[in-house]
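J.: Just passing along the structure, written as structure tokens.
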Protein chains: 2
Amino acid sequence: MEIIVQKFGGTSVGSVERIKRMAQHVIREKQKGKEVAVVVSAMGDTTDHLTKLAGEITAHPPKREMDLLLSTGEQITIALLTLSIQEAGFKAVSLTGRQAGIRTDGVHGKARIKGIDPSRVREELHRGIIPVVAGFQGSTDAGEITTLGRGGSDTTATALAAALGAERCDIYTDVDGIYTTDPRVVPAATRIPHLTYREVLCLADSGAAVIHPRAVFHSKKSRIPFRILPGLIKGEGTLVDDHIHINDRGPVGVAFKDEVASISMKDAAYGLESLLKESLEVIHVKPDLHWKGQDLTLTVDASDRSDVEHLLRDLGQEYSKKMEQAKVTIVKSPGSDILRFGVRSTLGDSGIDVSSIHEDPEKVTALIGSEDIYRAADVLHTFAGLDVSGAKRVVR
Amino acid sequence: MEIIVQKFGGTSVGSVERIKRMAQHVIREKQKGKEVAVVVSAMGDTTDHLTKLAGEITAHPPKREMDLLLSTGEQITIALLTLSIQEAGFKAVSLTGRQAGIRTDGVHGKARIKGIDPSRVREELHRGIIPVVAGFQGSTDAGEITTLGRGGSDTTATALAAALGAERCDIYTDVDGIYTTDPRVVPAATRIPHLTYREVLCLADSGAAVIHPRAVFHSKKSRIPFRILPGLIKGEGTLVDDHIHINDRGPVGVAFKDEVASISMKDAAYGLESLLKESLEVIHVKPDLHWKGQDLTLTVDASDRSDVEHLLRDLGQEYSKKMEQAKVTIVKSPGSDILRFGVRSTLGDSGIDVSSIHEDPEKVTALIGSEDIYRAADVLHTFAGLDVSGAKRVVR
């Protein structure tokens with residue numbers, strides 16, 4: 001029988017009432033004759049509440065203890081969703097990350113899934129029982145509880161879908177799909193019915209919060225399609241797979257990311273780039289790296305800045321840093337010919353200072369001041385021809 | 001080095017502020033040069049909150065899911081207490097029941113500890129790290145999360161003390177020791193400085209809520225002394241060991257238990273008693289059994305009644321039941337000569353109906369109506385000579 005993995009998160013499991021509604025999504029798929037495995041995240045405010053409690057004790061809680069603390073959030077939701085499915089007359093069982101065989105490395109706070117042993121989940125499915133798995137969490141081989149960091153539950157869902165050889169992974173959220181940009185910032189943004197893994201990965205890497213790059217990584221590798229669907233309303237959402245449609249050419253969307261820091265090294269030594277990439281990979285920091293002549297610039301999340309500085313000091317490498325940065329990115333199909341010059345002049349015409357700009361076949365990225373981020377997204381969305389529904393995704 | 005196990009529960013971990021205060025108890029013992037292992041229960045209202053959430057979904061939540069849900073309570077407390085100890089400058093690590101090697105049977109909701117593998121806890125102690133263990137919970141060999149039921153955290157503490165060969169187990173609570181009876185009901189009750197395992201076991205079995213019989217069982221078996229101590233005020237508490245003092249003769253205390261059901265069988269067959277005992281043992285129901293001629297009466301907690309009735313129907317055994325019962329027990333030293341006749345007349349003189357009365361070397365128990373329970377405790381406390389501090393524990 002075909003397996004569907006469903007994932008519920010965010011505000012869609014924000015209350016007992018909503019958890020009961022999510023149970024209906026599970027049952028509907030089950031009644032279609034599918035085997036359903038479910039992944040859930042913590043109820044809306046649980047994580048904030050627990051973080052606040054820890055904050056009353058210490059300003060710098062060690063990540064191991066925070067993982068053990070925060071992992072209770074999903075454990076509560078899986079129990080409540082399981083009870084809801086059972087109450088509706090279907091068999092279900094809740095499984096912690098460890099019980100579901102989610103094995104991770106030991107990087108607390110942003111662990112990576114090393115592998116999934118799906119035997120328990122499979123066994124429950126074969127017995128006609130719906131496994132409800134805690135997202136966002138896993139366990140090291142030594143039995144330590146880890147969390148996967150931001151977007152972790154989506155990653156659990158797509159990785160589990162891969163491990164089970166599922167037909168599809170449906171990710172229910174509080175938005176009705178992936179948009180050309182954040183519609184709260186640019187009201188002219190429109191929902192994109194279909195994207196490729198590569199395009200979503202580029203949007204996510206560039207700051208679009210709709211799904212975490214690690215989650216896309218597992219789908220892309222296993223070539224299992226996923227959908228971003230609204231949990232609380234009806235809607236088609238966005239389908240993501242590796243199928244390239246004939247009319248999928250041109251700009252795809254505009255992503256932006258606040259709280260970015262750029263760190264620059266003058267006359268950088270040969271080999272520094274790969275050394276930095278490797279060293280940062282170990283601590284799961286993923287920088288944008290750009291050369292300008294002999295100068296190398298790293299752009300990282302502000303939260304990763306101190307880790308990067310620490311590393312550079314260890315290497316005896318001098319650097320200068322720029323805080324309060326933001327980046328705005330137009331993600332495009334490879335055939336599209338959006339040029340950095342057009343981006344620079346569009347931003348310049350709007351009086352937005354651009355500190356640097358980079359282009360590659362997949363995107364054009366501009367580094368700007370944080371205060372200009374929303375305005376930049378707005379003008380670039382127009383520039384990329386994404387504003388009007390009819391003009392969407394056509395080469396300009 | 002000598003190991004002390006400390007247990008914190010109830011209202012003493014009811015808030016972050018109190019958890020920080022409990023950390024000071026840990027540090028004080030550590031500074032005396034002891035190795036300290038800590039066991040904690042859930043914060044005051046967490047269990048109620050989680051139970052309420054489940055109650056919004058179903059009136060009869062399966063026990064497996066409830067265990068998975070409720071076990072998050074202790075997991076939160078161990079993380080917060082560990083952070084508090086760390087913040088005070090000491091090394092500590094939080095361990096779930098499973099991580100601490102607490103292995104139980106699979107009777108969800110009231111599992112029993114089958115064994116403890118203390119290797120992880122020992123290892124942390126040897127490295128100078130204070131292990132903070134989640135009480136009340138364990139794990140089956142198959143990795144299922146279980147809870148030990150009422151008083152479970154005390155049981156974890158005394159069982160861990162036994163597994164570690166500890167010097168002593170200190171149980172910090174919101175009372176300042178074990179009393180001759182519940183002082184909220186009988187204000188003339190006084191704290192008992194010293195008791196034997198046997199006496200405490202008899203009090204606990206008879207309904208005194210101060211410590212669970214299973215917790216005493218582990219201490220008694222390992223002969224490791226434990227103390228019931230106040231967590232939030234200074235106090236000597238009650239020391240429990242197997243040392244019998246010369247003046248430890250006479251009535252020890254009065255215990256009472258509400259919500260008791262009695263189930264009677266007329267002309268009970270030979271062998272029924274042992275059959276019932278064995279069958280109820282499997283589901284962890286511990287009845288009082290009394291013969292009156294050919295009639296056998298079982299007294300059980302009201303919450304266990306339906307399980308017992310189910311069993312009797314399976315056996316094809318006819319029975320009659322009495323609900324809304326309560327039992328009041330005078331626990332005494334073996335040498336003491338309190339007689340059932342005195343108990344009956346004392347209760348009768350106060351207008352309290354006695355449905356049955358039983359005496360053995362350790363106690364006299366009267367079965368009465370629930371409405372008379374507090375008054376019965378009061379008059380029997382006086383009858384047993386426990387009211388006046390000076391007259392306490394002297395044979396009448």
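Yeah, the Cβs are placed from backbone N, Cα and C, and that goes for glycine too.
Features from TrEMBL:
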- A:3-229: domain 'Aspartate/glutamate/uridylate kinase' (DOMAIN)
- A:LYS7, A:PHE8, A:GLY9, A:GLY10, A:THR173, A:ASP174, A:TYR179, A:ARG184: ATP binding site (BINDING)
- A:THR47, A:GLU74: substrate binding site (BINDING)
J.: Most Cβ neighbours within 10 Å: which of the binding-site residues A:GLY9, A:GLY10 is it?
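T.: Buried the deepest by this measure is A:GLY9.
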J.: Helix, strand or coil at A:GLY9 (ATP binding site), per DSSP?
T.: coil
J.: Can you give the mean pLDDT for the domain 'Aspartate/glutamate/uridylate kinase' (A:3-229), rounded to a whole number?
T.: 95
J.: With the cut-off set at 10 Å between Cβ atoms, which of these binding-site residues ends up with the most neighbours? Options: A:LYS7, A:ARG184.
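T.: Buried the deepest by this measure is A:LYS7.
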J.: Which whole-number value in Å describes the distance between the Cα atoms of A:PHE8 (ATP binding site) and A:GLU74 (substrate binding site)?
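T.: Given the Cα positions, A:PHE8 (ATP binding site) is 11 Å from A:GLU74 (substrate binding site).
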J.: Cα-Cα, whole number of Å: A:GLY9 (ATP binding site) versus A:GLU74 (substrate binding site)?
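T.: A:GLY9 (ATP binding site) to A:GLU74 (substrate binding site), Cα-Cα distance: 10 Å.
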J.: Can you see whether DSSP assigns A:THR173 (ATP binding site) to helix, strand or coil?
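T.: It is in a strand.
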J.: Rounded to the nearest angstrom, how far is the Cα of A:GLY10 (ATP binding site) from the Cα of A:GLU74 (substrate binding site)?
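T.: Given the Cα positions, A:GLU74 (substrate binding site) is 11 Å from A:GLY10 (ATP binding site).
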J.: Quick check: in three-state DSSP terms, what is A:GLU74 (substrate binding site)?
T.: helix
J.: Taking the binding-site residues one at a time (A:PHE8, A:TYR179), which has its Cβ surrounded by the most other Cβ atoms within 10 Å?
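T.: Counting every other Cβ within 10 Å of each candidate, the maximum falls on A:PHE8.
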J.: Quick one: Cα separation, A:THR173 (ATP binding site) versus A:THR47 (substrate binding site), in Å?
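T.: Checking the Cα atoms of A:THR173 (ATP binding site) and A:THR47 (substrate binding site) gives a distance of 17 Å.
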